Amino acid sequence: MAFLEDGNHTVVTEFILLGLTDDPVLRVILFIIILCIYLVTVSGNLSTILLIRVSSQLHHPMYFFLSHLASIDIAISSSVTPNMVVNFLVERSSISYIGCGIQLGSAVFFGAIECFLLAVMAYDRFVAICNPLLYSTKMSKQVCIQLLVGSYIGGFIHASFFTLSFVSFLFCGPNRINHFFCDFTPLVELSCSDNSVLIILDSFSTGTIIVITVFVIAISYTCILITILKMHSTEGRHKAFSTCTSHLTVVTLLYGTVTFIYVMPKSSYSTDQNKVISVFYMVVIPMLNPIIYSLRNNEIKGALKKQLGEKNIF
């Protein structure tokens, strides 16, 4: 049952996800493609985590955070992709009220953690390249754990705002979400209550996270670039660039899509464009991250060669 009578209001108990397309042939094609992407995402990120665990040369703060970033990538993709894949095969794609709230909260939670982790990793590279003599002190095991816990706490607080907003919304019908998952904007459009204060609070929280993390990343990489340009050793420059380019590529991909979804005015793009960008953000980027790090980071490539016992893999 999609609706229940509650006094003078009709309360929504489930939502219909309209998904990416109604074309049956295209749905099958997308099912195959996205399922393959999800399998590559899980296997690639699990491989990254395992490689970091078993390779002693990767037991450094940067790779400690990278292993957690890989875990978050699996979590972000898993919060949406399995349900989306199943919905390609059914005629009526429905999700319960509770399930919708959990999906929204988990997507926001893991997305915020990823932003914090990328900022922490940028700070780690800043200390390693600009203050190498203080690296062991500034990035001690205790400091790394504190930064990690802080990232999770920040993600939890951010997700709490969105979850509180969701349970405060009054849904009277219709219950058709024009998206492939329970995203915040389509839910706001379906709500029949006054949500202006909650929307401002959620927007402020999102904006704060984006501004703070982008500021940390920008300042860190500006200082890194200045330091690298001052290096006289070509080998030193190459090593510094090697450890930074992979992370900077991931940052560019993530914040490019986040800017499109959350910063650009909604009137500047259509709902279908938003869906495509959301697929890239929640499905494709988690798959690309381990590939980027394995191809562009010499330490990752070296550890992989050592574990596989091969010398000419790359």
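Residue positions begin at 1 at the first shown residue.
The backbone N, Cα and C atoms fix where each Cβ goes, glycine too.
These come from Swiss-Prot:
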{"type": "DISULFID", "residues": "Cys100-Cys192", "note": "disulfide bond"}
{"type": "CARBOHYD", "residues": "Asn8", "note": "N-linked glycosylation site"}
{"type": "TOPO_DOM", "residues": "1-28", "note": "topological domain 'Extracellular'"}
{"type": "TOPO_DOM", "residues": "50-57", "note": "topological domain 'Cytoplasmic'"}
{"type": "TOPO_DOM", "residues": "79-102", "note": "topological domain 'Extracellular'"}
{"type": "TOPO_DOM", "residues": "124-136", "note": "topological domain 'Cytoplasmic'"}
{"type": "TOPO_DOM", "residues": "158-199", "note": "topological domain 'Extracellular'"}
{"type": "TOPO_DOM", "residues": "221-240", "note": "topological domain 'Cytoplasmic'"}
{"type": "TOPO_DOM", "residues": "262-274", "note": "topological domain 'Extracellular'"}
{"type": "TOPO_DOM", "residues": "296-314", "note": "topological domain 'Cytoplasmic'"}
{"type": "TRANSMEM", "residues": "29-49", "note": "transmembrane segment"}
{"type": "TRANSMEM", "residues": "58-78", "note": "transmembrane segment"}
{"type": "TRANSMEM", "residues": "103-123", "note": "transmembrane segment"}
{"type": "TRANSMEM", "residues": "137-157", "note": "transmembrane segment"}
{"type": "TRANSMEM", "residues": "200-220", "note": "transmembrane segment"}
{"type": "TRANSMEM", "residues": "241-261", "note": "transmembrane segment"}
{"type": "TRANSMEM", "residues": "275-295", "note": "transmembrane segment"}
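Neighbour list (Cys192 (disulfide bond), Cβ cut-off 8 Å, at least 6 residues apart, same chain): Leu170, Phe171, Cys172. Taking residue pairs at least 6 apart in sequence, the transmembrane segment (29-49) and the transmembrane segment (275-295) share three or more C-beta contacts under 8 angstroms. Using a Cβ-Cβ cut-off under 8 Å and counting only residues 6 or more beyond its ends in the same chain, the topological domain 'Extracellular' (158-199) has close neighbours at 2-3, 9-12, 14-20, 79-80, 83-84, 87, 95, 97, 99-101, 103-109, 112, 205-206, 209, 266, 271, 274-275, 278-279, 282. Note on the transmembrane segment (29-49): residues 20-21, 66-67, 70-71, 73-74, 77-78, 81-82, 84-85, 88-89, 279, 283-284, 286-287, 289-291, 293-294, 300 of its chain, located 6 or more positions outside it, place their CB under 8 angstroms from a CB of the stretch. Other Cβ atoms within 10 Å of the Cβ of Cys100 (disulfide bond) number 22 in total over all chains. Counting residue by residue with DSSP, the topological domain 'Cytoplasmic' (50-57) contains 7 helix, 0 strand, 1 coil. Within the chain carrying the topological domain 'Cytoplasmic' (221-240), a Cβ under 8 angstroms from the stretch's Cβ atoms is held by residues 122, 125-126, 129-130, 248, 298, all 6 or more beyond its ends.
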